[in-house]
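Visitor: There's a structure below that I have some questions on.
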Amino acid sequence: MQDSSKNKQPCVSWKVSPLKAKAMSPDDVSRLFCKSSTSSATRKHDPFHKLWDRLQPKAQSTIQRTSSLPVPSSSNFKERLNNIGGLKRSRTLESSYEDETETANKLSRVSSLVSVIRQTIDRKKSLERRVREEQEEKTDNEDDNDVEISTQESLENNGLAEKKDDTSSLATLEDDIEGQEFSFDDQDLQMLQDIEDQWLSSQKQQGSPLTSDHISK
């Protein structure tokens, strides 16, 4: 009865006396960690067999814990993948939209700069042409003795009025470009125009819809 009650215990303690331990051979020591080949009915008090019985439940419990680890279901895994893919697509669309907006802003700034420079050059050319024509007209009027004085005064008054307007326009233009150490001419305008045309042609080859309005203009 005592043996059966001891066998039901989950862990069995066993001891080897110091004298017996000294007398044990290396083979006997190695058999402490091997399952006994003898039957438990014939050798109930075999410490080697009891050691194996004590270690066996621990191995089984370890296997059970390993096999009982939670595994995510396939539906949740697919849902997470879809969410990640949707997030990546939204970020891609957002970044592409920002790139298109930035490209449109750059094109608008380049076009505005070309327009301003073109208007500035046209104003300067027109002013120079007016001054030159007035000087030539004034010289011709001074050399021509047959011209009446009233006509001469009328032309001079008109010339002074136009010159005053041109002078005010030139002063306004100088105020706009005050502090700048450079000036624009036809060559600068042509260079900017080439840059704009090259950019538009490259965007058109790429099929960008942003250049349709600018190309149509």
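Cβ from N, Cα, C; glycine included.
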Visitor: Can you check which of Thr92, Thr120 Swiss-Prot annotates as phosphothreonine?
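Guide: Record says Thr92.
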Visitor: Have a look at Ser13, Ser36, Ser68, Ser126 and find the one that Swiss-Prot tags as phosphoserine.
Guide: Ser68
